[in-house]
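Down below is the structure, laid out as structure tokens.
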């Protein structure tokens with residue numbers, strides 16, 4: 001664990017207070033602290049234990065599942081987990097989702113939960129809890145954010161509905177702000193949740209235009225640190241090789257910390273969407289504030305609560321899938 005994370009542990013009481021405030025943003029009665037305490041009391045422990053087991057052999061699992069949840073939770077109904085069927089390409093087939101990883105892990109976790117409680121725990125809840133647990137794994141017994149449960153699974157997944165509904169690494173600030181506002185999220189949420197880029201890797205194609213042909217004249221993005229741009233060109237030849245990846249947070253891509261916001265101010269944000277956060281005065285101020293662990297960790301918990309409640313299915317809506325890749 002990086003030294004910059006140490007402040008989180010002394011902030012547990014602050015996190016709890018922040019959690020209570022964030023819960024107020026969730027529709028009353030829609031989700032609860034543990035929707036399965038009667039129907040499957042071991043559900044959360046099974047998810048945690050299985051996720052931890054998988055994370056021990058796959059240090060990148062936290063970043064993978066967090067990204068899957070981000071892509072699902074602009075409508076949190078586990079629709080991104082569904083496989084395509086004849087004549088209907090699912091969300092997995094949409095270009096922004098082609099590089100998503102972690103589906104096998106969700107299948108494994110779901111299988112373990114089904115052994116204990118068949119047909120009770122939704123894939124949407126499993127994804128939300130497992131993403132939190134995988135990111136929290138290096139922190140041992142600390143949970144980096146709370147997860148409310150009670151979601152049900154959607155039965156529709158269309159690749160055509162993805163573009164324009166989730167943030168793109170190529171987006172400018174105006175586009176990012178609008179996408180987040182469409183889902184009831186603020187500029188603060190936009191900047192805070194972008195902090196998820198502190199872990200994980202990215203394929204060269206998601207940023208190579210910034211290195212070689214930013215304006216169509218064979219130039220580099222002037223907002224990108226030139227020394228960092230040279231480093232990236234050494235890693236990513238032109239044209240982009242889809243098999244090559246680089247760290248989103250240089251030298252810190254396996255540590256969930258505040259370094260992402262520090263590299264932004266050094267103009268080392270990997271994506272255009274990262275650099276875009278510095279083009280607006282209000283978001284730029286938030287970037288500077290979030291360099292402090294005392295500001296980032298509770299804020300991330302709040303924004304994750306808000307995001308994971310977007311367009312959830314509850315009550316009699318949707319279903320509880322037996323397998324996360326297929327509707328019942």
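Placed from the backbone N, Cα and C atoms, the Cβ positions cover glycine too.
Annotated in TrEMBL:
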SIGNAL    1-25  signal peptide
DOMAIN    30-328  domain 'Plant heme peroxidase family profile'
DISULFID  40-117  disulfide bond
SITE      67  site 'Transition state stabilizer'
ACT_SITE  71  active site, proton acceptor
BINDING   72, 75, 77, 79, 91  Ca(2+) 1 binding site
DISULFID  73-76  disulfide bond
DISULFID  123-324  disulfide bond
BINDING   167  substrate binding site
BINDING   197  heme b binding site
BINDING   198, 249, 257  Ca(2+) 2 binding site
DISULFID  204-236  disulfide bond
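Note: the CA-CA distance between residue 324 (disulfide bond) and residue 79 (Ca(2+) 1 binding site) rounds to 9 Å. Summed and averaged per residue, pLDDT over the domain 'Plant heme peroxidase family profile' (30-328) gives 95. Among the recorded positions 40, 79, 117, 197, 236, 257, the ones whose Cα sits within 10 Å of the Cα of residue 73 (disulfide bond) are 79, in sequence order. Sequence-distant neighbours of residue 91 (Ca(2+) 1 binding site) (same chain, six or more apart, CB under 8 Å from its CB) are 71, 79, 80, 82, 97, 157, 158, 159, 161, 162, listed in sequence order. The recorded positions shown are 67, 117, 123, 197, 249; of these, the one with its CA atom nearest the CA of residue 76 (disulfide bond) is 123. Taking the C-alpha atom of residue 67 (site 'Transition state stabilizer') as reference, the shortest distance to any of the binding-site residues 75, 197, 249 belongs to 197.
Other Cβ atoms within 10 Å of the Cβ of residue 72 (Ca(2+) 1 binding site) number 27 in total over all chains. Relative to residue 198 (Ca(2+) 2 binding site), the recorded positions 40, 72, 75, 117, 167, 236 all have Cα atoms farther than 10 Å away. The Ca(2+) 1 site is defined by 72, 75, 77, 79, 91, and by the 8 Å test on Cβ atoms against their centroid, the other residues of the chain that qualify are 73, 74, 76, 78, 80, 81, 154, 157.
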